[in-house]
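> Got a structure for you, questions after.
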Amino acid sequence: MDHNNTINLFNLCSGLRFLGYFMILIFIALVSLTYYALVFITWGPLFFHSPSFLSFFILLLFHILLILLIWCYFMVVINDPGSVPQNWTPLLQLEEVGASVNATTPITAAFSTTQVVEDEPNNISASSSNGLDLETRLGYCVKCQNGKPPRCHHCSLCNRCVLKMDHHCIWVVNCVGARNYKYFLLFLLYTFLETTLVCLAMVPSFIRFFDGGMNHSLSPGDFAVIFLASILNLAFALSLLCFVMMHISLLLSNTTSVEVYEKTKGVRWRYDIGRKKNFEQVFGSKKFLWLLPMFSKEDIDNIPALRGFEFPTHSDVDV
């Protein structure tokens, strides 16, 4: 088969990356529609004409959640999830696998080029006792031709290795990895809370419109805006509920979406070091910053997992 004529589906997907920027426009449009429906059509006029604690509370909570979700959203968009420096080498692993490499082949050859791996299989493709080939054990990415830290995976859309990669999110035109996973989780949480609040806040408007009376001031156009905003927010709230629950489970077990397929059933996941420590590896140890898209310098310095290169295992913790 002629490899030059083989279609690479990942390359086709890479050509669609521009759709991510379209998704940002959709996000802005949805936020604008929701804001207009809740603030300018329903609760805003109600608050100014007949102020009440309920209208004040809904408007205040809506704006707080909106600020937080937009803040978290753009933190996910603009922050690098974590990249591997050029010529990075996992020095600690070299000693562990040195015996697996033929004495006539330098250890550094395994990290030099793809050609070495392909042309000298007898020297550096030997399998280890646990079934992992040398390339995997050394942590080497053939596509990047560079060293590969633990829990790092290559993203075909970004065309690079991402530290503790969870997934590539088209909504944020970015990968979700070690250094922006917290921002992503907070964005999911605040968006779920915001969409749920909007759905509940729109219920009185529907009741007034369909009660058959004349005590509502909604025009057909305003009602259409409210109806569309409600349907869209309900759809997002329901889908995000499943997504939030899934990521909470992954967070507490210290697993990424990619690593779900690497875990062995019935065997404790090596990076699961307890729910509290698993949580701190993503959110940090400072409780006052848990709900904000930021980290303290102390956490960044003292929790290696936040930098994306080193991750303790449960065997390290149990010792």
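Just so it is clear, glycine is given a Cβ too, placed from its N, Cα and C backbone atoms.
Among the features that TrEMBL reports, domain 'Palmitoyltransferase DHHC' is placed at 137-263. The transmembrane segment annotation in TrEMBL covers 18-41, 53-78, 183-203, 223-244.
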> Counting only residues 6+ away from its ends, which parts of the chain sit with a Cβ under 8 Å from the transmembrane segment (18-41)?
59, 62, 66, 70, 73, 77, 170-174, 198, 201-202, 205, 218, 222, 225-226, 228-230, 232-233, 236
> With DSSP, how much of the domain 'Palmitoyltransferase DHHC' (137-263) is helix, how much strand and how much coil, in residues?
68 helix, 16 strand, 43 coil
> What average pLDDT does the predicted model assign to the domain 'Palmitoyltransferase DHHC' (137-263)?
90
